[in-house]
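All remarks here apply to the structure that follows.
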Amino acid sequence: SGERPWKCCDLQTCTKSIPAFCRCRDLLEQCSDACKECGKVRDSDPPRYICQDVYRGIPAPMCHEHE
């Protein structure tokens with residue numbers, strides 16, 4: 001499955017399969033080096049990006065705890 005393209009993710013969607021297939025919809029200032037497909041969010045100011053990769057494996061922890 002390789003390296004997860006994000007260390008953490010707040011807006012993560014994963015399948016219920018084992019292993020899970022996960023996507024992260026967080027808006028980032030820049031994608032990580034591990035992200036292969038980085039997409040710019042249209043009309044974002046300042047510019048924001050979303051890693052378009054699908055990761056197969058253990059879901060990432062959340063970046064921020066929701067209170």
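Residue numbers in this text run from 1 along the chain shown.
Using the three backbone atoms N, Cα and C, a Cβ is placed for every residue, glycine included.
Not measured: the values here are computed from a predicted model.
Of the cysteines Cys9, Cys14, Cys51, only one is given by Swiss-Prot as the disulfide partner of Cys35: Cys51. Per Swiss-Prot, the residue from Cys14, Cys24 that shares a disulphide bond with Cys22 is Cys14. Within the set Cys38, Cys63, Swiss-Prot assigns Cys63 as the partner of Cys8, by disulphide bond. For Cys31, the cysteine that Swiss-Prot lists as its disulphide partner among Cys9, Cys38 is Cys38.
Each of the disulfide-bonded residues Cys8, Cys24, Cys31, Cys35, Cys51 was scored by other CB atoms within 10 A of its CB, and the lowest score goes to Cys8. Using a 10 angstroms CA-CA radius around Cys31 (disulfide bond), the disulfide-bonded residues that qualify from Cys9, Cys14, Cys24, Cys51, Cys63 are Cys51.
Nearest to Cys9 (disulfide bond) in space, judged by Cα atoms and limited to the disulfide-bonded residues Cys35, Cys51, Cys63, is Cys63. Rounded to a whole number, the distance between the Cα atoms of Cys24 (disulfide bond) and Cys35 (disulfide bond) is 11 Å. In the shown protein chains, 15 other C-beta atoms lie within 10 A of the C-beta of Cys38 (disulfide bond).
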